[in-house]
Amino acid sequence: MSTEAVADIALIGLAVMGQNIILNMNDHGFVVCAYNRTTEKVDKFLANEAKGTNIVGAKSLEEMVAKLKKPRRVMMLVKAGSAVDSFIEQLVPLLEKGDIIIDGGNSEYTDSQRRCKTLSDKGFLFVGCGVSGGEEGARYGPSLMPGGCAGAWPHVKDIFQAISAKVGSDPCCDWVGSDGAGHYVKMVHNGIEYGDMQLICEAYDLMKNGLGLSNDEMSKVFADWNKGELDSFLIEISSEIMAFKDKDGGPLVEKIRDAAGQKGTGKWTAISALDKGMPVTLIGESVFARCLSSLKDERTAASKVFPAPSVDLSKYKSNTKEYIEQIRQALYASKIISYAQGFMLLKEAAKTYNWELNYGSIALMWRGGCIIRSRFLGNIKEAFDKNPSLQNLLMDDFFKNAILSCQVSWRKVIGMAAEIGVPTPAFSCALAFFDGYRSERLPANLIQAQRDYFGAHTYELLSNPGTFIHTNWTGRGGDVSASTYSA
Ligand SMILES: *[C@@H]1O[C@H](CO)[C@@H](O)[C@H](O)[C@H]1NC(C)=O
Ligand SMILES: *[C@@H]1O[C@H](CO)[C@@H](O)[C@H](O)[C@H]1NC(C)=O
């Protein structure tokens with residue numbers, strides 16, 4: 001068989017995402033070599049979806065490598081975990097120094113950090129690339145978040161930016177940072193997605209069980225919201241989901257079992273936040289809300305023991321227009337808190353791992369193509385463009401004013417939720433964070449006193465920060481203090 005180096009890039013893994021990325025690359029004039037461990041998949045793909053394109057196939061990794069122009073670019077879209085390591089192991093002996101290995105799967109950033117180091121030591125260029133946007137995004141423009149060995153970027157930039165989603169003419173793809181930065185940013189994206197989804201669910205719950213709106217009415221509300229500040233993919237699909245009818249003519253969504261699944265990226269974000277001591281409370285609450293939802297049987301039993309408070313809902317139901325607007329504002333304010341928290345986490349991770357993250361460019365990567373795409377991310381980009389070293393999103397004028405104008409409604413909605421017994425963990429924790437963040441004094445002085453009282457952990461005086469002292473609180477204790485620690 002004659003093997004000519006014809007392909008610009010190879011792609012391993014012909015599940016839907018892989019096939020769609022290949023077709024997308026082909027659309028943009030790149031020659032792609034397709035490979036799958038089950039080689040019949042390659043034949044099937046070439047004979048069907050890829051028919052009439054410039055896509056070529058390979059039946060072995062050797063053949064695939066031989067068909068690649070140099071430096072060779074090999075992208076994997078395979079199941080995260082051991083499959084990635086196994087392909088890397090098989091590829092290394094076939095490739096040369098300077099060749100590029102790209103992992104476009106949903107890998108943990110710590111794995112990308114490890115792979116980047118191992119492959120750099122051998123002279124290869126590793127890229128861990130977050131890909132978001134689902135099947136549709138992969139086909140017509142995903143959000144791409146590549147990180148790893150910076151030397152790889154000039155060799156993949158043209159392909160990645162060509163196939164990515166665009167906002168105007170700006171690609172939703174830029175170099176994120178070294179080693180695991182791309183997959184870390186993708187992880188935080190997914191965490192924020194958990195938060196956005198939970199916020200929309202709480203608005204839905206309040207409109208349904210507080211205001212008594214029908215699904216068609218709620219569909220209309222979401223459609224209206226989608227014309228303003230909340231304009232986003234998730235609000236848009238929520239409107240369509242509300243309106244979607246089952247065969248019997250009733251709304252399908254009401255027949256779906258209320259037990260949420262999860263694959264782990266929200267949890268990883270929350271774990272990373274805990275590790276780094278960052279109060280990313282809204283994502284954390286959103287993960288826990290899914291956990292609570294999945295205890296369906298326990299909840300069903302408890303619902304018989306603890307019925308909802310009996311509240312006269314007529315004041316809400318007779319004034320739905322006003323309350324819908326309040327709920328919208330509560331959602332918007334909470335969403336701002338969630339993104340502020342997400343960027344706080346990114347900042348801390350950048351410090352820990354020495355990444356030079358460009359927060360404006362991350363906002364742009366999320367602006368289009370991905371699941372959290374929204375008008376709002378354009379405002380975030382503007383905030384970081386105006387001030388790249390912005391300490392916190394909340395301190396930007398645009399967001400400061402937005403929070404101030406929503407604040408009253410936000411508080412009222414949480415009051416209403418508490419009164420009628422509709423759970424709003426994300427709305428509520430966002431407000432609690434906001435009230436904590438804007439407090440010069442918190443009651444943590446008492447925590448310090450308690451810690452010193454029972455454990456001699458020492459404390460600082462407001463008048464003398466940095467100096468830790470211990471007090472003989474009881475007249476019984478010794479003056480030996482425990483070593484200080486911060487957690
Ligand atoms: C091969 O293709 C199938 C789907 O057709 C996919 O599920 C699988 O992940 C692919 N695997 C590899 C390693 O190429
Ligand atoms: C703590 O206070 C009591 C009562 O004032 C005193 O008897 C004791 O010696 C003190 N302990 C130390 C270690 O100073």
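Placed from the backbone N, Cα and C atoms, the Cβ positions cover glycine too.
The NADP(+) binding site feature in TrEMBL is assigned to Gly13, Leu14, Ala15, Val16, Met17, Gly18, Asn36, Arg37, Thr38, Val78, Lys79, Ala80, Asn106. What TrEMBL lists as substrate binding site is Asn106, Ser132, Gly133, Gly134, His189, Asn190, Tyr194, Lys263, Arg290, Arg451, His457. TrEMBL lists 182-474 with the feature domain '6-phosphogluconate dehydrogenase C-terminal'. Per TrEMBL, active site, proton acceptor is recorded for Lys186. Taken from TrEMBL, the feature active site, proton donor covers Glu193.
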Residue among binding-site residues Ala15, Met17 with least C-beta crowding, 10 angstrom cut-off: Ala15
Thr38 (NADP(+) binding site) versus recorded positions Gly133, Lys186, His189, Glu193 - nearest by Cα: Gly133
Neighbourhood of Tyr194 (substrate binding site), C-beta criterion under 8 angstroms, separation at least six: Gln262, Thr265, Gly266, Thr269, Ile283, Ser286, Val287, Arg290
Those binding-site residues in Gly13, Asn36, Thr38, Asn106 whose CB falls under 6 A of ligand 1, listed in sequence order: Gly13, Asn36, Thr38
Average model confidence [pLDDT] within the domain '6-phosphogluconate dehydrogenase C-terminal' (182-474): 97
Closest of Lys186, His189, His457 to Asn36 (NADP(+) binding site), Cα positions, recorded positions only: Lys186
Alpha-carbon distance [Lys186 (active site, proton acceptor); Glu193 (active site, proton donor)] in Å: 10
Binding-site residues compared (Lys79, His189, Arg290) - highest count of Cβ atoms within 10 Å: His189
Pairwise Cα distance maximum in Å, NADP(+)-binding residues per record: Gly13, Leu14, Ala15, Val16, Met17, Gly18, Asn36, Arg37, Thr38, Val78, Lys79, Ala80, Asn106: 21
Annotated substrate contacts Asn106, Ser132, Gly133, Gly134, His189, Asn190, Tyr194, Lys263, Arg290, Arg451, His457, maximal Cα-Cα distance (Å, integer): 50
By Cα-Cα distance, the member of recorded positions Gly133, Lys186, His189, His457 nearest Asn106 (NADP(+) binding site): Lys186
